[in-house]
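*Asks:* Residues or ranges marked as [4Fe-4S] cluster binding site in TrEMBL: 293, 371, 388, 428. Annotation source TrEMBL lists coiled coil at 136-163. Summarising the annotation, TrEMBL assigns domain 'DNA primase large subunit C-terminal' to 288-472.
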């Protein structure tokens, strides 16, 4: 895929000298990715390019799923593209140099093929990647200038028949009647294609059909282009999937490819002072701020007086992340396992608690599990209580849990629909918005979709929930604001938890914005900052 050919072209590109070859390779920002990138790439670039493209794809899919307005979607996606994968236009007014244009388009080209390799290993991964890339291509195509759109299409040799002026004259009235947007038919460009390729336009009665052919206006060509892109990429993914086993012996790339789709791109929660120093006796009162997964673990721990290893790790590290010290953690678990004597607890469980705090064994300071880790790893079995309720609960069980938290039928259906589409973190984010709205006594409808104005906007999660500790912090700060605390003032954890019932009164003071931390992911020993919106839907 990445060869040493065209080294001269790469050297010209690096020096800023205009290269005819590069112009032919990337004449516009649009790309069908028919050919692998012919340029060299380092292992460091290989991983960085893949993660940057993941940021953009996740931001785009998340924005679409959250029913944002077009303005909000443009802002969210535009910020992600600008930060991770800028793509400058060909306009004379652009500040980008020729070298910048080529480097940006080279990164786009290479990163697509890296993720194509990473997401070709299963039908589930291929489906996700196909949907994400189609969404990104459509977004870019609709933002591209008409001149560059036409230049791009002319080079693709698409099997579309352009309708002649004579045929347009004969069909003028029928073409005009087929679309209320039609202007001067003589000046409009039409293409003749098989009607099944534009089923969406046919369903909306926006095209004229004759003898099995649909007559599509140039302004509606995005449907045709996207269909062509999807068909080609789908075939390419299948071909790549069949060829991928031959790469198994490449110990440089395969570890990266196998882990790209499992990468957590968010903040690494270690210990947090957001709720002060947590005491073992405070945990019950803080349950109101916990996400559904941790609340379920807490309830089952109290009910059974015990939990299995998977539950202890998931819940124990979460408690560590909200500020429970090692000493208090030992006290908490010893009290929770009340059926055991102190000696039995010390012999069977104390070592594991100290190990999770980095005080035993290889002394690794473990961090709390992210949503992605909980969803994709160590699925719960019979008798287990760890995992993600939105991922691992049956639909009836999840409905019962939502009903127990006073989520109404309309919002429950909305959450279940997102779960069925495998958007588990977006479902959790909606659960956060609905339940936190009840804390301050406003309608949940006012916080749908991550609004950013008025009181409702303060409750709406501006970022998709991607970590249980993120959920806790946002909820805790919201309750602090509801109780009228400002600045650096803090209250005891127990006091904040006790005031945090679901039937809370309307806030008497303006609400603070939700937590927006510096999110990081680790790569090659370095910590790289980001502010990412991101969802798991595999």
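Numbering starts at 1 and runs along the chain as displayed.
Note: Cβ is positioned from N, Cα and C throughout, glycine not excepted.
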*Asks:* When you average the Cβ positions of 293, 371, 388, 428 for the [4Fe-4S] cluster site, which other residues in that chain have a Cβ within 8 Å of that mean position?
*Replies:* 291, 292, 374, 375, 389, 390, 391, 424, 425, 465, 468
*Asks:* Taking the Cβ of residue 428 ([4Fe-4S] cluster binding site) as reference, which residues of that chain separated by at least 6 in sequence fall under 8 Å from it?
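*Replies:* Correct list: 291, 292, 371, 388, 390, 465, 471.
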*Asks:* Would you mind listing, in sequence order, the residues at least six apart from residue 293 ([4Fe-4S] cluster binding site) in the same chain with a Cβ closer than 8 Å to its Cβ?
*Replies:* 314, 374, 386, 387, 388, 389, 468
*Asks:* What mean pLDDT does the predicted model reach across the domain 'DNA primase large subunit C-terminal' (288-472)?
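*Replies:* Mean pLDDT across the domain 'DNA primase large subunit C-terminal' (288-472) comes out at 88.
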